[in-house]
Amino acid sequence: MERREEQPGAAGAGAAPALDFTVENVEKALHQLYYDPNIENKNLAQKWLMQAQVSPQAWHFSWQLLQPDKVPEIQYFGASALHIKISRYWSDIPTDQYESLKAQLFTQITRFASGSKIVLTRLCVALASLALSMMPDAWPCAVADMVRLFQAEDSPVDGQGRCLALLELLTVLPEEFQTSRLPQYRKGLVRTSLAVECGAVFPLLEQLLQQPSSPSCVRQKVLKCFSSWVQLEVPLQDCEALIQAAFAALQDSELFDSSVEAIVNAISQPDAQRYVNTLLKLIPLVLGLQEQLRQAVQNGDMETSHGICRIAVALGENHSRALLDQVEHWQSFLALVNMIMFCTGIPGHYPVNETTSSLTLTFWYTLQDDILSFEAEKQAVYQQVYRPVYFQLVDVLLHKAQFPSDEEYGFWSSDEKEQFRIYRVDISDTLMYVYEMLGAELLSNLYDKLGRLLTSSEEPYSWQHTEALLYGFQSIAETIDVNYSDVVPGLIGLIPRISISNVQLADTVMFTIGALSEWLADHPVMINSVLPLVLHALGNPELSVSSVSTLKKICRECKYDLPPYAANIVAVSQDVLMKQIHKTSQCMWLMQALGFLLSALQVEEILKNLHSLISPYIQQLEKLAEEIPNPSNKLAIVHILGLLSNLFTTLDISHHEDDHEGPELRKLPVPQGPNPVVVVLQQVFQLIQKVLSKWLNDAQVVEAVCAIFEKSVKTLLDDFAPMVPQLCEMLGRMYSTIPQASALDLTRQLVHIFAHEPAHFPPIEALFLLVTSVTLTLFQQGPRDHPDIVDSFMQLLAQALKRKPDLFLCERLDVKAVFQCAVLALKFPEAPTVKASCGFFTELLPRCGEVESVGKVVQEDGRMLLIAVLEAIGGQASRSLMDCFADILFALNKHCFSLLSMWIKEALQPPGFPSARLSPEQKDTFSQQILRERVNKRRVKEMVKEFTLLCRGLHGTDYTADY
């Protein structure tokens, strides 16, 4: 078959291949791909074959690769190449060759009907692609023609083979449509055409499915074909007969999975809710599966119960609103709801004995939303019917959330335990949501059950039952304000009565107390009921996460009521810290808890507690500072510094972030004298410097030191002022010796908080000039090895311009060198560094008028900046960064318009810049668009996105849709 040759480069293959795209070379490359043990050779072969598939020669070798004497792998490649040529390069096929191409594909499909199935499928996909490209004008009755041609009696292939080939073709046609690259307007036309053609497909499918003589393989294929077609949003009423046939096929174990898929796909179409009469006919069909469902559950047949549950949930979840509206059919819908309830409460533990119940959870959200969306009168009626259902749901969910016996749980794999944990979180979310429907009565219900369980003397209760009820409370209290609930005092009273003999139960008790910490803040008299439990649990490593996080919540929420317990809390915490019971992260949380606790004490008390709390660590740090650096003492140093920084993160006597009401703040006198954190920092400052002197070349230790001061600065704000001069001096020495990003980040914090204060400007200016000078030297030596430093440096410069532009007025600051280094940073491969550099320029350019040195350097070197930006847009930088470069263009246009209008024309003049794919007209249009837009930043971003796609040859491709 003749083919018009494609233009060179149409395939996008890049440089000319070393080998010609011939049948022989393709076969050799395929052999290399499948059988060569060398991975590099495989990759080369794959790359070459991808080029071959899109080459003009593919039209010639594809047909030859389909010859009967070739092995299936080679035939498959030939069929795939045909599909790629037809689907991606349709415009290269002359219209007068459509018919011969169609005929050849039909011939090949007929031949492969009794051959390799994978090759047959690829050929069917190729013909489907051709049909979609020709419909509706060039091939108006494509589907009907396919059916007619394959039903012809004169075919050499047996009837069953032809039937299966036709069904394969009809199955892949809608699938190919869903993934096709058809333009949007064509997609609409073809969808309409396919909807009409459905009339040629469904009668055939019905006939084949209902014929007793149809073999199982044919009926299986019919169901898959139906499943594929319903996703074209075929009207549900047109599918009635096939859906009923699919329900009947559920009794056949071989057809069960395909039937489920077909029914679920048909029911789940968004358009299906319009066909209420059909939906109502489906309810009895679904309810008719209940006996099969019960049998499956009884026999442990998880596949069958899972499939039937999917069908029930698909109908209920997708159409609850439409079915609720049919008031006269309320009983049949309620029966469906109860069937789904059975699926939610299916016996056994998830995920070991069953995997079905999790499918139903979203249904309960949907049903509740739909009920609550009705107007008040109608809602009241439905609430009357469905509130008892939702109370039953709570019981079912809490039963499903119960842990298995300790013995059984011990046999579960770690993966099964993790799946069960996630399942319980999903149940927790559902319970929290159900609270909206049931309100305070739900908490009363849970409390009554727990009370009866704990006070009953008749029978011993299982810890699992207690744990599940507490878990229900915790789920609701964590996210919903229960402060006005009248059952919480009783619950707090019940908690100490729980006999805790199990880690899971103890964990849930802890998390429940934590969830009630805000309530405890409003009812401080109850703190003493639960605090001893929490402090006792701190000593158990198995309860590490729950006990520490609960103590942290109590200390944060109730700190003004904790002074009477402070000594005990500090003593217990010190004890567990010294015994090293907890992992590092929990130790850090514990220090944060103590920071909250100490914040509410008198200054003298804080200092006393701080002394006893951190003295052992200071002594340990003094000892470590004398030792020769090694990996083990490094870990100890980082741990101690981490403990201090976490303590100082939350120790805030000025209550900057406090949202408590005035009366509670008045409990504390206004603090006099220096801040306790500053007192401690000044005491340990020399020691920290000593540690630093030995560990200056270790980024982790430097980072840990900087973290102490950075977190203290963020918490203390102005109270940190006494430390500013000595910290600036220390940072300067640190950074001069070995530059580290963390030192720059801390400098940025100091600039942000203190640079605007005249008293602190001199030391901060000196530090700023020093780190700038050191970093500029680093740029001369090779900054590419330090993207983190460059990133932090750019952020520091931007902060300086934003907070205190006067820092750029100093004659000792080489603004020109800073500007050039920032331009260089724009070309880094690391996205965060590029982003930070763009941020610097968007802060710098608006200062052109007010800071003389900035205006001068922009005038001299601004063209260099523009070229770097255009190079990035032209393809040098990631497309995800285009908004950042657009911000620079916008700033240039807004603040340096006359310069930009001259530079942009000059910069875009050279052919091939910033991309060889651009025409002079496209470049001219872009420059005019940019220069015109000085107000709307969003429009500039859109222009840049459009232009970068043109530069990269991606405009009008599939990439554009996701961009």
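Start at 1 and count along the chain as shown; that gives each residue its number.
Note: Cβ is positioned from N, Cα and C throughout, glycine not excepted.
The domain 'Importin N-terminal' annotation in Swiss-Prot covers 45-111. Look at Swiss-Prot and you will find 24-54 tagged as repeat 'HEAT 1'. Residues or ranges marked as repeat 'HEAT 2' in Swiss-Prot (evidence: experimental evidence): 56-88. If you look up Swiss-Prot, you'll see 142-179 marked as repeat 'HEAT 4', on the strength of experimental evidence. Annotation comment: Swiss-Prot describes 236-268 as repeat 'HEAT 6'. Residues or ranges marked as repeat 'HEAT 7' in Swiss-Prot (evidence: experimental evidence): 276-325. Among the features that Swiss-Prot reports, repeat 'HEAT 9' is placed at 375-438, with the record citing experimental evidence. Per Swiss-Prot, repeat 'HEAT 12' is recorded for 524-558, and the stated evidence type is experimental evidence. Among the features that Swiss-Prot reports, repeat 'HEAT 13' is placed at 562-600, with the record citing experimental evidence. The annotation repeat 'HEAT 14' is assigned in Swiss-Prot to 603-648 on the grounds of experimental evidence. Marked as repeat 'HEAT 15' by Swiss-Prot: 676-716. Under the heading repeat 'HEAT 17', Swiss-Prot lists 761-803, citing experimental evidence as support. The repeat 'HEAT 19' annotation in Swiss-Prot covers 860-893.
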Contact yes or no, the repeat 'HEAT 14' (603-648) and the repeat 'HEAT 15' (676-716), 3+ Cβ pairs under 8 Å, gap 6+: yes
Same-chain residues near the repeat 'HEAT 12' (524-558), Cβ under 8 Å, at least 6 residues beyond its ends: 489, 492-493, 495-496, 503, 506-511, 513-514, 517-518, 565, 568-569, 572-573, 575-576, 581-583, 586, 589-590, 592-594, 596-597, 650
Residue counts (helix, strand, coil, in that order) that DSSP gives for the repeat 'HEAT 7' (276-325): 44 helix, 0 strand, 6 coil
Structural state census, the repeat 'HEAT 13' (562-600) (DSSP three-state): 32 helix, 0 strand, 7 coil
Number of helical, extended and coil residues in the repeat 'HEAT 17' (761-803), per DSSP: 41 helix, 0 strand, 2 coil
